[in-house]
Amino acid sequence: MGLLTILKKMKQKEREMRLLMLGLDNAGKTTILKKFNGEDVSTISPTLGFNIKTLEHRGFKLNIWDVGGQKSLRSYWRNYFESTDGLVWVVDSADRLRLEDCRQELSSLLQEERLAGATLLVFANKQDLPGALSKEAIREAMALDGIKSHHWCIIGCSAVTGENLLAGVDWLLDDIAARIFTTD
Amino acid sequence: MDATHEVSREPGGFAGESGADKIQERLQKRHQARAEDAERRKEAKESMSVAEEKGEYFSTSFNTERASIEELLSSCSGADRAVVTPRLEEATAKTLQLQKFLNDSMLFLTQYELRRAQAALQKLQSSIVEIREEAQPRKKFTFRARTKATDKVSDAPSPEADTPADSGGNKVDGAAESVQCRFSDLDNVCLTKTAEEIQKRDVLLTHLSNCKVRLFGSPSTLHLKHIDSCEILCGPVSSSVFIDHCTNSTLAMPCQQLRTHNTTDTKVYLHVTSRAIIEDCHGVSFAPFSWSYPTLEEDFDLSGLDRDRNNWSQVDDFNWLAAGTHSPNWTVIPEADRKTTWDP
Ligand SMILES: Nc1nc2c(ncn2[C@@H]2O[C@H](COP(=O)(O)OP(=O)(O)OP(=O)(O)O)[C@@H](O)[C@H]2O)c(=O)[nH]1
Ligand SMILES: [Mg+2]
């Protein structure tokens, strides 16, 4: 049995996953995290550093890292890349002015070697707003169809209503599980 | 979700010690069995010497790295937040890497070495959590005594922030028109939006100078960009207000979050239910929201904002994260100087 197989087996035993949630400031990352965890979302402040939440879902132990997206924090993102199984990229679907910014940040992340193995879930967040772009529009604006390096999926959601958060996380878990936990 | 809890240690390779230990023991047994096999195949000497070499390499590298993380952590004690935050991030990342190194090395480590390394890592992880908790901003800030000393700042000449072109704005601006309320490229006029025009939409104000703007109703988000010498008053915003490249202006709004960038010499009369932040700002001053209009109460209800929770004086400066000293970039407007009456 090779080292990789043993590591795989260990992970399988623990069924532990590390998810990294990134996106521009105001995208709704912290709101998604708290909503998913059943917490109050009305008092969330812009994130000054990062939040970590460990939670059990479908028998998996999820370590979710939510890192602040303000400009001055983006240079720290790389500190969190190591051992990431799933990358959750959160987009504010109503923020048309910064879609291009958003696309560029994502595309440079996908070039990161340390994220090379990670599955990508794009949350087109804030679908509850009348001015939100559809997930198809976001898919186009983010040039997702050009991504060949990662498994990816885009899901329209709302952190405020909770709509589709579970669907997104479930897709992500299934994709990661198929990759990491398959028995040899 | 079956159960949830805040993390109490950094996630690394192992979930809990007992589970991890079992696995380690099993791995170790497996390793021993393999070593015996190898012996039988008369490769014993070779493989043992390799293992020893690796083991030595492991402990040297592990201990060096551990010492450097410990040094980082001990340099955090007593330091202010501006210093602690990046150091903590570095220590967190390094610890994760060390865990990975241990995971990758466990095949050739003895049980004793493994246990010791795991214990050392756990100690590092809990120190990080401890320091992180200590470095969290305290719930309540008070700035009473400091307003005088920092008053000067608002008189300082405003270093004109450079204004990079908005990337990608044009492509989607057209589409935005239909769903967004906006005013742009106007000088010296009075502008109003009614509650009916605004209801739950995004409101965008760009390139305005010398304007008086009144926004009644409850927008979902408010964007102010390139604003010069304006007075902008707005009803309760249900999520965030963005201010970017604003100078010499007076603003008033209730909101859930305020995110201020590249702004100078601007007064903000604020009701914010979480916290306000500033980034790359100078001479921004704050006072409690004091504008009123006949349907304000209704709009508050519509916005879902808590009327009784106003953290207008809790401002985080992303360029100044020191816990002990007040940011030179913002001040509280002294009570005597606050505007209490507003033109219609
Ligand atoms: N209407 C609506 N508002 C949302 C949604 N998700 C988040 N928001 C609002 O958007 C604002 C920003 O949300 P946060 O969760 O703080 O954003 P963030 O991505 O964590 O931002 P940083 O911490 O600065 O990186 C808040 O006012 C939220 O209430 C959503 O699905 N719908
Ligand atoms: Mg956040």
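Note that the numbers count up from 1, one per residue, in the order the chain is shown.
Each Cβ is built from the backbone N, Cα and C atoms, and glycine gets one as well.
Keep in mind that TrEMBL annotations are predicted by a computer and have not been checked by a curator.
Together with A:Gly23, A:Leu24, A:Asp25, A:Asn26, A:Ala27, A:Gly28, A:Lys29, A:Thr30, A:Asn125, A:Lys126, A:Gln127, A:Asp128, the GTP site in TrEMBL holds one more listed residue from A:Gly69, A:Gly86, A:Gly162, which is A:Gly69.
Listed binding-site residues: A:Gly23, A:Asp25, A:Thr30. Those with a CB under 8 Å from a CB in chain B, in sequence order: A:Asp25. Around A:Asp128 (GTP binding site), the same-chain residues at least 6 positions away in sequence with a Cβ under 8 Å from its Cβ are A:Ser158, A:Val160, A:Thr161, A:Glu163. Using a 10 Å radius centred on the Cβ of A:Thr47 (Mg(2+) binding site) and all shown protein chains, the other Cβ atoms total 19. Mapped onto three states, the DSSP output places A:Thr47 (Mg(2+) binding site) in coil. Here the C-alpha separation of A:Asp25 (GTP binding site) and A:Thr47 (Mg(2+) binding site) works out to 8 Å.
Among the binding-site residues A:Gly23, A:Ala27, A:Lys29, A:Thr30, A:Thr47, A:Gly69, the residues whose Cβ lies under 6 Å from any atom of ligand 2 are, in sequence order, A:Lys29, A:Thr30, A:Thr47. A sphere of 10 angstroms centred on the C-beta of A:Ala27 (GTP binding site) encloses 24 other C-beta atoms. Compared over the binding-site residues A:Lys29, A:Lys126, the count of CB atoms lying within 10 A of a residue's CB peaks at A:Lys29.
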